[in-house]
Amino acid sequence: MPELPEIEVSRIGIKPYVEGQTVTKLEVRQPKLRWPVPDSIYDIEGQVIRSLKRRAKYLILETNIGYALIHFGMSGSLRILPESSVPGRHDHVDLHLSSGTVIRYNDPRRFGAWLWQAKQGKRLQVLENLGPEPLTDAFTSEYLFVKSRNRCTTIKEFIMNNSIVVGVGNIYASESLFMSKIHPKRQARKLTSEEIEIVVESIKVVLTTAIQQGGTTLKDYTQPNGKLGYFFQELQVYGRTGKPCLVCNNTLESIKIGQRNTVFCSHCQK
Ligand SMILES: [Zn+2]
């Protein structure tokens with residue numbers, strides 16, 4: 001499942017191909033994604049794409065009249081292709097641009113989404129109640145400390161809660177807590193302000209590092225088989241249950257927290 005770094009790297013990769021381009025045609029071959037693709041999304045045809053932004057895990061194509069929101073779900077990805085290229089089985093949406101390029105959306109499991117938010121329209125529910133972006137100045141240790149005080153939840157579930165901070169999924173929650181040396185099952189409200197500060201800093205570092213690692217693979221994205229959305233990363237704990245801790249050599253353990261598999265080092269994380 002793509003997390004915030006993959007989405008951000010996709011945004012950086014696609015941005016130069018879409019900004020300033022006019023959408024000549026939108027082709028939806030399969031409208032049954034996580035939610036049905038709304039007919040209103042065809043309003044994008046004839047519009048100039050002013051910017052490509054990201055909010056949480058949504059890519060947002062901004063036009064003068066509204067925004068197309070793209071979510072990758074479990075298996076979505078985008079490619080930049082010449083218009084003449086023939087779509088494959090899971091290529092559900094094509095965005096044709098005045099440059100003769102097509103932005104093609106592929107999603108075998110169809111848990112992703114294409115939505116339309118009209119500028120004057122009612123705000124989409126998916127954009128409501130979102131916490132700050134983790135890599136902005138709005139996400140501070142003071143903010144997280146205040147939010148954590150009355151929470152009867154584990155620190156792992158707390159930082160994965162989108163209304164607290166967006167874009168910290170299972171992989172980066174596990175990695176951030178390992179870097180913080182904090183046990184993922186600790187109660188959020190029992191962390192000291194110093195510990196909360198370390199958690200905030202770790203979240204910023206692991207996400208920034210992942211985006212930088214992904215950025216190095218950007219050149220592959222316009223290749224015929226290059227998919228915008230996934231890249232290999234070096235992770236410290238995620239996916240390494242039973243393997244030695246890279247810091248202390250202790251065997252990494254895994255537990256379920258809120259139904260999500262959580263890998264940690266019982267020696268390093270207290
Ligand atoms: Zn360890």
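Counting starts with 1 at the first residue shown.
Glycine residues also receive a Cβ, built from the backbone N, Cα and C atoms like all the rest.
Annotation comment: TrEMBL describes Pro2 as active site, schiff-base intermediate with DNA. Residues or ranges marked as active site, proton donor by TrEMBL: Glu3, Lys57, Arg260. The DNA binding site annotation in TrEMBL covers His90, Arg109, Arg151. Positions annotated as domain 'Formamidopyrimidine-DNA glycosylase catalytic' by TrEMBL: 2-112. The domain 'FPG-type' feature in TrEMBL is assigned to 236-270.
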Proximal but sequence-remote residues of the same chain as Arg109 (DNA binding site) (Cβ under 8 Å, at least 6 apart): Gly73, Met74, Ser75
Same-chain residues near the domain 'FPG-type' (236-270), Cβ under 8 Å, at least 6 residues beyond its ends: 154, 156-157, 160, 170-171, 173-175, 177-185
Largest inter-residue Cα distance among His90, Arg109, Arg151 [record-listed DNA binders, Å]: 42
Spatial neighbours of Lys57 (active site, proton donor), counting only the recorded positions Pro2, Glu3, His90, Arg151 and Cα distances within 10 Å: Pro2, Glu3
Reported mean pLDDT - the domain 'FPG-type' (236-270): 96
Glu3 (active site, proton donor) versus recorded positions His90, Arg151, Arg260 - nearest by Cα: Arg260
Local backbone state of Arg151 (DNA binding site), from DSSP in three classes: coil
Cβ neighbours of Pro2 (active site, schiff-base intermediate with DNA) where a neighbour is any other Cβ within 10 Å: 23
Among Lys57, Arg151, Arg260, the most crowded of the recorded positions [Cβ within 10 Å]: Lys57
Number of helical, extended and coil residues in the domain 'Formamidopyrimidine-DNA glycosylase catalytic' (2-112), per DSSP: 21 helix, 45 strand, 45 coil
Glu3, His90 as recorded positions, winner by CB count within 10 A: Glu3
